[in-house]
Amino acid sequence: MQIHLANPRGFCAGVDRAITIVERALEIFSPPIYVRHEVVHNKFVVDGLKERGAVFVDELVEVPDDSIVIFSAHGVSQAVRNEASSRGLKVFDATCPLVTKVHMEVMRASSKGTECVLIGHQGHPEVEGTMGQYDNQDGGIYLVESVDDVARLEVKNPSALYYCSQTTLSVDDTADVIDALRAKFPAIEGPRKDDICYATQNRQDSVRELSADCDILLVVGAQNSSNSNRLRELAEKIGAKAHLIADANCIQKEWLANAKHIGVTAGASAPEVLVQGVVDRLKEWGASSATERPGRLENIEFAVPKELRVKQVS
């Protein structure tokens, strides 16, 4: 039984930045530091930050006056920003810069009176934040998840229409939805570069290659992690058995029956320590080796807010 490690896997630059923002805020300003929603979708990461004094809340009403609040990597609506501003809360924004790029696309469309179609998953925090960037009462923003949704979609002005997408979607499925939008609305425009982020693309590419060579794929990630779920779905489409697991304790030994080649990857919010835990468990159960696959080098870094770059001296 051999282990094959996908490359790249795990943390992306946006997740690294978001976690660093919370860590630096805790170091510089001391607990409690409030965070709206899970800063990233991973219980291991969130629990570690809680232990250090981060307090995770669903809405700003739970944040006391004169407090520091951090917006999660998934981004927030303009209404949330306005609420924080009106209350005078000190805000550090951990929104991934690639999500902010999509926000700006929606704001530009809104300012021009162009209607917007967002490809994304209903209820995901990133989608809620992106939808909340559109405020033109004469236009509209519409959410679609599938080609079937496009078939049912009716807009006010098909000649002034723009599409964008959640950054963590299936590359293949999103391409199908974009094709359907262009077929139904020939005048629709979109971003010059796909909104799906580099890390999502790279991790899906590595899983596409790995799944063809493995009997089973284990994806380390949270159940509410969009990009982790897309990795599992992609492996299954290719024909591999795939399981999304939070950590090594979730692996069921019967999954590995007759498996000679086991692939392991991790979603963009899953730390490498969890991957290593999976490798160690598989070796306990008889795996002979763990081989790192070649893959695309990722050297992107996103800067944290200036106020958090150097520890303040009192």
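Placed from the backbone N, Cα and C atoms, the Cβ positions cover glycine too.
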**Message:** Cys12, Cys96 show up in Swiss-Prot as binding [4Fe-4S] cluster; which entry in Cys164, Cys197, Cys214 does that record put in the same site?
**Reply:** Cys197
**Item:** Asn227 (dimethylallyl diphosphate binding site) as reference: those recorded positions from Cys12, Cys96, Glu126, Thr167 with C-alpha within 10 Å of it
**Value:** Thr167
**Request:** Sort Ser269 (dimethylallyl diphosphate binding site) into helix, strand or coil using the DSSP assignment.
**Result:** coil
**Message:** Given a 10 Å Cβ-Cβ cut-off, pick out the one of the binding-site residues Thr167, Ser226, Asn227, Ser269 that has the most other Cβ atoms nearby.
**Reply:** Ser269
**Request:** Among the recorded positions Cys12, His124, Glu126, Cys197, Ser269, report those whose Cα falls within 10 Å of that of Thr167 ((2E)-4-hydroxy-3-methylbut-2-enyl diphosphate binding site); none is a fine answer.
**Result:** Glu126, Cys197
**Request:** Please find, for His41, His74, His124, Thr167, Ser225, Ser226, Asn227, Ser269 as listed binding (2E)-4-hydroxy-3-methylbut-2-enyl diphosphate, the greatest distance between any two Cα atoms, in Å.
**Result:** 15
